[in-house]
Amino acid sequence: MRKAVATCAATGAAASFALLSAPAQAAPPVPSEPLPSPTSFVVLQAGKGTDKATAAVKAAGGTVVQEWPQIGVVIAQASDGAFDDKARKRPGVVAAGPTRAMSALAGAGNVVPDGEVTGLGPGTSGGDDTKEALNADQWDMRQIGADKAHRKTDGNRAITVGVLDSGIEADHSDLAANVDPSQSVSCNDRGVPNTNPKAWQPTTSDHGTHVAGTIAGARNGTGIVGVAPNVKLAAVKVVDDDGYIYPEYAICGFVWAADKGMEVTNNSYFIDPYFLWCKADPEQRPVIEAVNRALKYSEKKDVVNVAAAGNSGWDLSKPITDTGSPNNSDDPQPRETDHRCYDIPAEAGNTVAVSSVGPTAVKSYFSNYGRGVVDVAAPGGDSRVPADTPSKNGRILSTVVGGGWGYKQGTSMASPHAAGVVALLRGTQTGLNAKQTISTLKRQANPLACPEFYDQDRDGVNDATCEGKKRGSGYYGAGLVDALKAVGG
């Protein structure tokens, strides 16, 4: 995918962002004139329910597309550039704003040409990872102790991980036994749930299939094995065929996973079209609030949401010059951001933000970081660091579309390792709620000290300042996730 967080090949780091002097500006008022085509908006009412929000949408000349009464959010479409101004003036509405920076809408035709979904297999109890055909190149699993954890258990079959991504190839030999069609959905048509299997399988990207293999690639003697090979996977497709994850897609995904009772979600993306969403901007603030409502609802329903920290090489705890937003515009405007701007969902709260390390357990060159932002670290690969494996490939090996296996890198690859560990933890310590699970995950993580000198591009200049010294919290949060400890080892 084109996302900075979701990009995973050798181009996984976003382009470097030169410091510019232009300050961030709030968007000017939009004149009341027709837009080229209907645009999506979020409309929020105070508290639960949607009666006031839907009335406001209609009164402002819009169309209700999807209602989420659980969180008091309505997704609407309108062709009036001043729709959000009109809607927020209606009784009971606390916020309204557009979900993108241009009027183009995602197409609804994201379907695979053929293929039937066979459903869940019987699962596995545990075993020797070395019997998997490609295990020798899975340095990542050994780094977090997953191979040792699997000698005790492959995970609890009652646990489901929702993969909010580009879909999962449900007939892949390493995934077919673990994909649960009954919990899978597509949210990429205006944020409206679609349970047709053709809708939630991949069309233009194998990103979600790769992520799924890392979480729960099956133990079957072929290919790879995931962190938790006996848990179930639900495909929650939130990426459209242009590679965008707009707010209404993610909101749909979070609420769907919560209402389906999933124990974990993985979120290897940032929400488009902004790398960083800023509360000071009156158009962006309603989206931040809508996503936060979905995440808070999810946590109340006892879901642990795990998210990639991003691939821009930014210290998210410091002011940043964002030159790439909005990323669906032909003319993104440089802006200075501050502590009121967030990479969401990683910084939205109610999530576990994951940074990436390479084969030597040092921060990957592309990984975002930041003290007080990153919660834990996990292997996401680093093409600049060779692995001690037959292939010497420092990236992450997992499943790809077409029934194959391939290498990718990115915090997109780190996050599913952490999600897999959370799945193991939730399956062994079933009495823990979501907050307690996150606390346990952090407590069990292995601290990683800051490197004395960080020079991944070998130019003799320190590339990024690591705060936290011996505990390395700026790069790694609480430390490297530990699968063996998660299962009581």
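In case you wondered, yes, glycine gets a Cβ from its N, Cα and C as well.
Keep in mind it's a predicted model, so treat the numbers as computed, not measured.
Residues annotated as active site, charge relay system in TrEMBL: D165 (among others). D165 (active site, charge relay system) carries a strand DSSP state (E or B).
Taken from TrEMBL, the feature active site, charge relay system applies to H207 (among others).
The annotation active site, charge relay system is assigned in TrEMBL to S412 (among others). In the three-state DSSP reading, S412 (active site, charge relay system) counts as helix.
If you look up TrEMBL, you'll see 320-331 marked as compositional bias 'Polar residues'.
The annotation domain 'Peptidase S8/S53' is assigned in TrEMBL to 157-454.
Here the region 'Disordered' (315-339) is broken down by DSSP into helix, strand and coil counts: 0 helix, 7 strand, 18 coil. Per TrEMBL, region 'Disordered' is recorded for 315-339.
Residues annotated as signal peptide in TrEMBL: 1-26.
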**OP:** Kindly state the mean pLDDT of the domain 'Peptidase S8/S53' (157-454) in the predicted structure.
**Re:** 97
Original post:
Which is it, of D165, H207, S412: the one of these active-site residues whose Cβ has the most other Cβ atoms within 10 Å?
Top reply: S412
